[in-house]
Amino acid sequence: MKKTTRKQKRPLLAILILAVILIVLSVISIGIGALYISPDAVVTNLLGLDHSFEFIIQQYRLPRIILAILAGAGLAAAGAILQGVIRNPLASPDVVGISKGSGLAAMAVILIFPESPVYVLPFSAFAGAAIIAVLLLMIARKKSIQPSSLALSGIALGAVCHAGMQYMMVKFPGDVNAALIWLTGSLWGRNWEEVKLLAPWLLILFPIVCILIPKLDLMSLGDELAQGLGENANRLRFILIFTAVALAGSCVAVVGSIGFIGLLAPHIARRLTGEKAKYLLPASALIGAIILLIADTLGRGIMPPVEIPAGILTAVIGAPYFLYLLKFEARKQ
Amino acid sequence: CLIVSGCSSSQNNNGSGKSESKDSRVIHDEEGKTTVSGTPKRVVVLELSFLDAVHNLGITPVGIADDNKKDMIKKLVGSSIDYTSVGTRSEPNLEVISSLKPDLIIADAERHKNIYKQLKKIAPTIELKSREATYDETIDSFTTIAKALNKEDEGKEKLAEHKKVINDLKAELPKDENRNIVLGVARADSFQLHTSSSYDGEIFKMLGFTHAVKSDNAYQEVSLEQLSKIDPDILFISANEGKTIVDEWKTNPLWKNLKAVKNGQVYDADRDTWTRFRGIKSSETSAKDVLKKVYNK
């Protein structure tokens, strides 16, 4: 810890640079897809001076980019909160079972009720995440529970959900392909309707996260210190986990259970800004948005007209980088 | 009051009747009603059975969701055709579809339901059953597609031809054939029987065969032990690319004891033609394939 402060990180500058990168990437991303649109054409189309690509930009690319930014930021922020609360660097929406819960619910809809209307899927996915969250919080409410056992409970709940998914795939072999694509996470076919579905949630949740930021720093000091400073540690943990679950659940409901972002983004952010939550959280959110935006843009652009689901690319980019991070951390110690 | 309302409603009817041009047709599909006018020339198909139907009616689609397999499309239509790939059937590329400026899109009712609204913004879109369709539903879809393409009469002719082909093939089946038959799909780690209610099961029945697995569920996954209990007289195997579970089974005594194996009644069935295409032409090809393989006809 001392080492990092001595290195004189400049967290505000880092956040600013990340924001600029995100904006530049968004403009580039508008141009990439089955039809290439040059950056100057993108700008003239956005300004309304040119209408040649208006339909594609307005109908397909813009909503996807906005959704990638929102969902990436939401998942990353959820990961950063969970890592702070559980005090475990491996905590993330995937690890504590939230993604698995929504995956199980989504799979049930896709495989058992394939005729159900379109809007059922996101709501049931969110419900799945919520059920897991409630179970997790029931365990967390018990006094004096250790954060590590919270992580283990999450892993156990996730394993049960995973078993359920495997069972369904064998028992209802209908459209396993669609179910798998959902599980991987993809922004294909998403448009303004999904943006409208997700944006209100995040508009409520992000301000709540901002209010909670100072508390998150307290939690990372440990229960006893937090209590000594006048906080009810259990209640605080309850609120923070609830917020993280709501964030992750709403994002997963719309884009599917995209992995690695919630785990990876906070780790990268920590290297840039240090541990302080007021810098760490916004930086994580920006990095999460950047990762998902890159993944979705690459998925569109690598082998058109075939799309590669964004979730596959986050895993392909994420897994090796995470291994590198682990090695780096080990060396530091 | 009654008279007035009656009058106004009839006026409305007249009005809507006039606003539609003479050659526009209302197509009933899985999503409701879609109005298609004129004779569509630029058609995009998002399932293989729709390609079969459209091509059968003399139109080459401008865009096909071909899973990036040009060879598969060539196999289906019997020759190389000029078209643009719009990506995979599971995730067709909306940008490419819109850039083709189609005047009709034919989509699968289940697979493409969540992009239905977006497809409608591009062009009139009809959603029909393909993936889970029965043989009869495929015929219904063909009629619907013919109507949408403004080729109703041609569609009826083609269907009559098709029925004749099937009836002729049926006549070739020996009258005393009492062996039962089933088709199974072999994947790397599983074997799935297609029952009497599956698409190919219906083709067997149509030809006059007794199906070995009667069930309302179209598919049934079985182990080698379960297969040996069913012990069909004739077994068609539709194998995925690469090594499959059947290659492992072949060394197993249970396999060698199967009636079909002992009597040399195990045949290959092309995976694409038999289980993926699901169109009128492919059903004829499959039916001919059975007779050729089982009776050397």
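Every residue gets a Cβ built from N, Cα and C, even glycine.
Lifted from Swiss-Prot, the feature list:
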TRANSMEM  A:12-32  transmembrane segment
TRANSMEM  A:65-85  transmembrane segment
TRANSMEM  A:95-115  transmembrane segment
TRANSMEM  A:120-140  transmembrane segment
TRANSMEM  A:194-214  transmembrane segment
TRANSMEM  A:238-258  transmembrane segment
TRANSMEM  A:279-299  transmembrane segment
TRANSMEM  A:306-326  transmembrane segment
Contact ranking winner - A:120-140, A:194-214, A:279-299 against the transmembrane segment (A:238-258), Cβ under 8 Å: A:120-140
Per Cβ pairs under 8 Å, the stretch of A:12-32, A:65-85, A:95-115, A:194-214, A:306-326 packing most closely against the transmembrane segment (A:279-299): A:65-85
Residues from the same chain, set at least six apart from the ends of the transmembrane segment (A:306-326), whose C-beta lies under 8 A from its own: 68, 181, 183-188, 255-261, 263-264, 267-268, 291-292, 294-296, 298-300
Tertiary contacts of the transmembrane segment (A:194-214), as residues 6+ beyond its ends and Cβ separation under 8 Å: 63, 66-67, 70-71, 73-74, 77, 81, 122, 239-240, 243, 246-247, 250-251, 253-255, 277-278, 281
